[in-house]
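K.L.:
Got a structure here, written out as structure tokens. Questions coming.
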């Protein structure tokens, strides 16, 4: 009975939040209210409000406010600062003419490709490769928004389609050393090499190709439906005094991430890399003019870009975090886990149930990690009791948690991309919906075809 009540409360609040956001209310305000309401109900029901890693203040009422403080400090100080730095960097690149120079140079070879959608798919594959270097979905999204998004929009790709491309790459896991993959390999009782490269990678590649094809047709359909016209930017209209080599500057953060990964050079945080990139750009600006006042004035543009990012993106991330914690403390996720364990032992049925529940949990909470970490704990027990190969259950769940995050209007990556693109999170979700569902179907089918369903098939008995 309690499980049903917790599910009902979660669903009612989710529907209410979605309704008001769709009606045009501030997403930040609506998510804050929804999250606080869930936390208050959780406290009344006697649930612990704060995560187990945080000490209680002694009172449930102050614990609720304490959690908001925790999010403000964590998301405003680490993830939030990274987002603000990237937005400030993007604003500075526009100010000094570097983005205009990228468009001028890129437009020359691209003029031979008549379809902006082919350019969009090329950008998608590049973005997927970037996920190997940047493991954070939100971090990758904001990095792509600061670098690839302006280029895509300026060569004729609609803002919605370009935002969807920036939000999509982390939907399918490629990085073999990410925390999710390491945990999944342990749950599957396989070595990391066998699990990541021999089992998961072929499925991931198939899903990425399928999602790319789906993006091509879905974005084109939506653009036609919404009467969005594509006009390749006339580069002759772009006037900039920036030298041609400035075209490399917007991509220096990506280059820095690849170089300073601990293999080729020291391992540096993305914020450190961004500071280096800003210093390089400002020094080049000084060498062009030898006008210190002009350089300092130009940097003010970057600071204002950072301030806009705090208001439009970081606070939205904090609100989304409060909402996700509310769903967790009310028992919504645990209730979904209880439903999964109530199903029978047929491998395909159990796999589909786990995939659907993981996907729903990821969509509602906006987290890819939390649902997977919660569900994966029971995989070894379920697999052994049912005679099912653990990897057969783990791989689809692993991908479903990340795919579901891309369908969530409260996930960090969707919120960040929408905020930087200045469109609704629901617009991003609509743009990613069909490609994500195509990717999910491919993952399920590929798992059924490529991964043995029973433990006996694995051991050869």
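Glycine too: its Cβ is placed from the backbone N, Cα and C atoms.
For 2-22, 26-46, 79-99, 116-136, 137-157, 164-184, 199-219, 240-260, 267-287, 313-333, 343-363, 436-456, the entry in Swiss-Prot reads transmembrane segment, with the evidence type sequence analysis.
I'd like to know what surrounds each of these features in this structure.
P.N.:
Away from its own ends, the transmembrane segment (79-99) comes close to residues 136, 138-139, 142-143, 145-147, 150-151, 154, 240-242, 246-247, 249-250, 253, 270-271, 274-275, 277-278, 281, 285, 298-299, 301-310, 313-314, 317-318, 412, 416, 420 of its chain (Cβ-Cβ under 8 Å, at least six residues beyond either end).
Proximity of distant same-chain residues to the transmembrane segment (116-136), defined by a Cβ-Cβ separation under 8 Å and at least 6 residues beyond the stretch ends, is recorded for 79, 110, 143-144, 148, 151-152, 155-157, 161-162, 165-166, 168-170, 172-175, 177-179, 208, 211-212, 215-216, 219-220, 230, 232, 254, 257-258, 261, 270.
Long-range Cβ contacts of the transmembrane segment (199-219) within its own chain (Cβ-Cβ under 8 Å, at least 6 residues beyond either end) map to 117-118, 120-121, 124-125, 128, 158, 160-161, 164-165, 168, 171-174, 176, 181, 184, 188, 190, 391, 395, 398-399, 431, 434-436, 438-439, 441-443, 446-447, 450-451.
Listed by sequence, the residues of this chain that lie at least six past the ends of the transmembrane segment (436-456) yet keep a Cβ under 8 A from its Cβ atoms are 168, 171-172, 199, 202-203, 206-208, 210-211, 213-214, 347-348, 351-352, 355, 359, 383-384, 387-392, 395-396, 399-400, 403, 406-407.
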K.L.:
Thinking of Cβ pairs under 8 Å, which stretch from 137-157, 313-333, 343-363 has the most of them with the transmembrane segment (26-46)?
P.N.:
313-333
K.L.:
Counting only pairs at least 6 apart in sequence, do the transmembrane segment (267-287) and the transmembrane segment (313-333) share 3+ Cβ pairs under 8 Å?
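P.N.:
Stretch pair does not touch.
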K.L.:
Excluding the flanking five residues on each side, which residues at least 6 beyond the ends of the transmembrane segment (313-333) place their CB within less than 8 Å of a CB in that stretch?
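P.N.:
Distant contacts of the transmembrane segment (313-333): 2-3, 6-7, 9-10, 13-14, 17, 27-29, 31-32, 34-39, 41-42, 45, 47-49, 51, 67-68, 71-72, 75-76, 79-80, 83-84, 87, 138, 142, 361, 364-367, 370-371, 374, 410-412, 415-416, 419-420.
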